[in-house]
Protein chains: 2
Amino acid sequence: MDDRTYTADAEPGDTVTVAGWVHEVRDLGGIAFLILRDTTGKIQVKFEVEEMDDDLVETGLNVHRESVISVTGDVEEEPRAPTGVEVTPASVDVISEADPELPLDPSGKVDAELSTRLDNRTLDLRKDEVKAIFEIRAEVLRAVREQFRELGCTEINTPKIVATGTEGGTELFPITYFGQEAFMNQSPQLFKQLMVGSGLERVFEIGPIFRAEEHNTPRHLNEATSIDFESAFADHTEAMDACEAVVKAAYEAVEENCQDELVALDLADEFEAPEGDFPRLTYEEAIERINATGELDEPLVWGDDLPTEGEHALGQDVGEHYFITDWPSEIKPFYIMDKDDEVSTGFDMMHPEMELVSGGQREHRYDHLVDGFEQQGLDPEAFDYYTKMFKYGMPPHAGWGLGGERLIMTMLGLGNIREAVLFPRDRQRLSP
Amino acid sequence: MDDRTYTADAEPGDTVTVAGWVHEVRDLGGIAFLILRDTTGKIQVKFEVEEMDDDLVETGLNVHRESVISVTGDVEEEPRAPTGVEVTPASVDVISEADPELPLDPSGKVDAELSTRLDNRTLDLRKDEVKAIFEIRAEVLRAVREQFRELGCTEINTPKIVATGTEGGTELFPITYFGQEAFMNQSPQLFKQLMVGSGLERVFEIGPIFRAEEHNTPRHLNEATSIDFESAFADHTEAMDACEAVVKAAYEAVEENCQDELVALDLADEFEAPEGDFPRLTYEEAIERINATGELDEPLVWGDDLPTEGEHALGQDVGEHYFITDWPSEIKPFYIMDKDDEVSTGFDMMHPEMELVSGGQREHRYDHLVDGFEQQGLDPEAFDYYTKMFKYGMPPHAGWGLGGERLIMTMLGLGNIREAVLFPRDRQRLSP
């Protein structure tokens, strides 16, 4: 698009104009090197102080780090240069001068706290290993959408401003909407279900969700990216198959297309796409295995939700992605179909470190669904826009929601989920 | 995924289980036909009243329209059937019975108001021509993303909860965010600009935007899908090239991959992807041509914004997609780079019916940008999270935002932008 040459494309013998950021200037006396960085890499620019025009040398050696410049000159082979080539400049143009004091060092030589990094994301993303996270994130989204299309899904976009939350009034951000009370949606759950009863039958959505949870942990966000799937005429086992296919497709695409990024993150050797089927443990097996690890002070009993330490102990024990199925009905949402009086079709898909996915077959029977709302203490009337469609031919259906940032975080072993978001939102952070 | 056979795949000689919705039952006396509909099409199920099991016949002929059923039986050739085959049922299973009274007729025989359709989107989307809009929408999003990747863009996701709007406090929906005042973002403008100064350099985002405008027209939404592009080291002409490439890619993908949907919309004959370059008119040429049409009571003079009737007259005159460039600086946002004292690098891209895109080269010089905020009556301090990054090496850059729903609306000749959204949000409509 722009007519500069990317640094990665500069070949010996070419005369090029390269443009980007001043990564570093090393003045060795009679000779000086400026390292120019652009999105494709870095290139060495050589200044021979005695032999070159004074203005040119002065410009090149006095420009502040992280300024934007363009350099025109001949590319020559130079085995001692980092990329094997260097540019001898005929002209240097300072396009956008940087302040000499930077709030963050993009060369990475000086470590920065996460909060400083997030306050200065523009500079932070000039580091190869940070940029790599977001190149991988983009590739994951691409691969996931492609896999959904292979599964026969239609992409949908559902509203983020809603009259009611999915599971009632807790944990919702209220909005003033033309004088009416409204909320930012915490999940596309109800809308994607409405779509499986339409002619679309099988849908996916990747979009923002908003949760007013007062968590303050390394794995919760108040605005996150949800990857949602829902299919007519599917049961929970088929939804699990789709879930496994999507997660594997994400890993495989990163393995295939992001080797440079994995190198930048120092993950090239250890990164592996999951192979084989994800084990499917029942809830009962899960609590038995957790109890057997002896990691919990109190053994778990039927009906307990899994505490974080329990999830962690089980994750260590299993050592790969796995499902937990056959959850007690009472700890799964009312819109999940029950298998019998005690056990539901709900499932979770787990990375050894944390839960990634929650799903199940849905309750598609109108009377049961309305009863569910009432048992939950919710007013079915308020959800009439949703429930009434269940009276007009709603097929059996199943689906799930996958936390996009958790997928990236666990895939890349990031210590904090905020590292997987350009501009995270939490209780303390509202800008940038 | 599910083990039924899609109706489109049922071949003579097969024994199949098909499942879907009861589209129609025609009882001709001794013989009756049930038309079963699924996402791939329709199939005829034949009941021979005298020769078949009474229970089977009774189930098949008494089931209400739009109920979900499954039918197992042999497929035979039948030239008089709508698809050339029919199923002789061995069993019929009613999976989800529909109420006999439907709020909307999915067969399309009875017209419905748009508001009734939007209240009952599940049923509305059982109509081929409505489903087709959303299949095309999904294909447009796929093709647009692919084109962005071909242009070297990285996909980004920016926050929808923000501390300040792009252009100040008007037309924003306020949120209560953990006791702080916040807003739903009206544009990713500031965030995508922050990313061109990072190592990503060239980015795109497709996501929701929120505008508290009190419009109530067939072409405004309060929640819409914005298709955003921003590139470092690009000027407005290069941004226009990218814009043209993206819009053409959308049309070409629909032409290539959505013929069935175009047939359903009765557009197969007239649909054409734009060919050749979009004409680029200056603002000055644009007002001259509008004045020459004689459609306006008052001729336009330099500095006037283009009224809707003016846009319309010009669109009729040009007859294809076109750009308007060289707008007066005073009617473009302050973050658009000026060419000189009078003229800016701002541009609009127009469909003959309406504006689709607004873009330009951006002001990347810190001092000019801060002055711009002040001249706009905005407090630069409140935007410090954004402006401060312009002190640390911000390259020249350009970009644009394209209204996703307007693209679909104009592409398919829809009369109301709400037809291009599953669950539109306007001043009156907050659910479903």
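Positions of Cβ are set from backbone N, Cα and C atoms, glycine also.
Just so you know, TrEMBL annotations are computer predictions that nobody has curated.
For the ranges B:49-52, B:129-132, B:189-192, B:301-304, the feature annotated in TrEMBL as region 'Aspartate' maps to B:189-192. Binding site for ATP per TrEMBL: B:Arg211, B:Ala212, B:Glu213, B:Arg219, B:His220, B:Leu221, B:Gly403, B:Gly404, B:Glu405, B:Arg406, plus B:Glu355 from the candidate set B:Glu261, B:Glu355, B:Glu363. Each of the binding-site residues B:His220, B:Arg362 was scored by other CB atoms within 10 A of its CB, and the lowest score goes to B:His220. Cβ-based neighbour count (10 Å, all protein chains) for B:Arg406 (ATP binding site) stands at 24. The binding-site residues in question are B:Glu213, B:Glu355, and the one with the fewest Cβ neighbours inside 10 Å is B:Glu213. It is B:Pro82, among the recorded positions B:Pro82, B:Arg211, B:Ser358, whose Cβ has the fewest other Cβ atoms within 10 Å in the structure shown. When the Cα atoms are compared, B:His220 (ATP binding site) and B:Pro82 (site 'Important for tRNA non-discrimination') turn out to be 40 Å apart.
For the region 'Aspartate' (B:189-192), DSSP puts the residue distribution at 4 helix, 0 strand, 0 coil. Rounded to a whole value, the Cα-Cα separation of B:Glu213 (ATP binding site) and B:Pro82 (site 'Important for tRNA non-discrimination') is 48 Å. When pLDDT is averaged over the region 'Aspartate' (B:189-192), the result is 96.
In this entry, B:Arg211, B:Ala212, B:Glu213, B:Arg219, B:His220, B:Leu221, B:Glu355, B:Gly403, B:Gly404, B:Glu405, B:Arg406 make up the residues listed for ATP, with the farthest two CA atoms of the set 19 Å from each other.
Secondary structure at B:Ser358 (L-aspartate binding site), as computed by DSSP, is strand.
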